[in-house]
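In Swiss-Prot this protein carries:
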BINDING   57, 74, 163, 164, 165, 184, 280, 281, 282, 297  iminosuccinate binding site
BINDING   131, 254, 344  [4Fe-4S] cluster binding site
REGION    1-23  region 'Disordered'
């Protein structure tokens with residue numbers, strides 16, 4: 001085990017390839033046993049104390065989540081980052097867009113002023129931890145779609161809404177155009193906010209969350225055309241479809257929740273009489289419509305927590321979370337809804353190896369994999385995020 005320095009030098013951000021520029025190269029960490037990695041992670045946590053805040057998303061592996069200070073879903077983690085006070089560094093055990101959001105919210109002007117001008121650094125243990133859904137909507141595509149639809153509708157009356165599972169550039173787009181960010185926790189409240197301010201909503205990048213939420217507001221499927229960014233004209237729609245729309249949905253989805261099917265629900269109800277189906281609203285409509293309960297990651301956790309012993313559940317969300325709920329609630333019968341493994345592969349990239357490597361470089365004065373959003377993007381993203389945080 002490496003001897004810990006008696007003082008912590010000021011951390012310096014790296015440039016270029018972080019794995020090359022790091023004081024401690026990544027490669028030697030790959031051969032360490034998990035027990036050794038865990039000991040070294042805890043040693044750094046103890047040394048840095050309140051100066052370090054490790055945030056973990058519920059989809060993380062158990063071996064990673066046990067080393068986090070706070071855990072939550074996208075919405076909860078956004079609030080945690082916004083409220084950070086004493087810490088100097090946030091290490092985000094999640095994916096890239098989450099770390100971007102943490103950088104924006106933790107470094108709001110009022111927060112920086114309260115810290116006498118000091119920023120909070122945000123680190124992502126593995127820069128390859130992205131999000132396939134977020135990648136389905138590039139800013140150039142969204143801007144092109146906005147320009148195209150402006151030929152047939154008044155975009156001054158369109159409120160753009162981006163799911164928090166999106167790049168900071170899309171959040172900034174919403175900020176510039178009077179729009180807002182949403183999460184699966186507050187999607188309905190956000191859509192209500194939007195319809196108070198415009199005639200239509202342009203919802204991206206997850207079509208399923210947008211559709212499932214809008215259906216609870218008496219908006220019909222026919223009023224929700226899907227915009228395909230690769231279609232030749234008008235996102236694959238007629239002018240009339242766009243003109244008669246209430247919500248224009250982006251053709252994007254979560255690759256995990258897309259895997260769940262109505263036939264999975266039917267099978268469990270047939271084989272396990274009395275079982276309840278609990279799903280995330282990122283699931284397709286065919287699943288969401290026939291589930292007993294649909295809700296955010298936070299709602300899924302609370303639903304299980306508040307259910308009596310003996311309750312039977314089949315849960316349609318990320319595998320690591322379902323397995324953790326099963327372990328934490330042995331008094332209930334919990335099943336994974338799909339016969340196919342539905343795991344967030346990019347979230348899985350955050351492991352003990354990368355976490356230990358990140359922390360020991362931080363301890364010894366080097367920031368690796370720092371996430372820092374540029375000032376212009378931060379400015380407009382923050383506007384959209386603050387609108388979201390103000391929605392009740």
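Just so you know, glycine gets a Cβ as well, placed from its N, Cα and C.
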Quick one: what's DSSP say for residue 131 ([4Fe-4S] cluster binding site), helix, strand or coil?
coil
Additional residues around [4Fe-4S] cluster, ordered along the sequence, whose Cβ is within 8 Å of the centroid of 131, 254, 344:
59, 95, 132, 133, 134, 165, 255, 256, 318, 346, 347
What are the non-local neighbours of residue 282 (iminosuccinate binding site), defined as same-chain residues 6+ apart in sequence with CB under 8 A from its CB?
184, 206, 208, 209, 253, 254, 256, 257, 258
Counting across all protein chains shown, how many other Cβ atoms sit within 10 Å of the Cβ of residue 57 (iminosuccinate binding site)?
26
Between residue 57 (iminosuccinate binding site) and residue 344 ([4Fe-4S] cluster binding site): CA-CA distance (Å):
11
Measuring CB to CB from residue 165 (iminosuccinate binding site), give everything in the same chain under 8 Å that is also at least six residues away in sequence.
74, 97, 131, 133, 134, 205, 206, 254
What number of additional C-beta atoms lies within 10 angstroms of the C-beta atom of residue 280 (iminosuccinate binding site)?
28
Out of 131, 254, 344, which of the binding-site residues has the smallest number of neighbouring Cβ atoms within 10 Å?
131
Intrachain C-beta neighbours of residue 163 (iminosuccinate binding site), sequence separation six or more, cut-off 8 angstroms:
133, 181, 182, 183, 184, 187, 203, 204, 205, 206, 209, 210
With the iminosuccinate site defined by the record as 57, 74, 163, 164, 165, 184, 280, 281, 282, 297, how many Å span the farthest pair of C-alpha atoms?
17
Which three-state DSSP class does residue 57 (iminosuccinate binding site) fall into?
strand
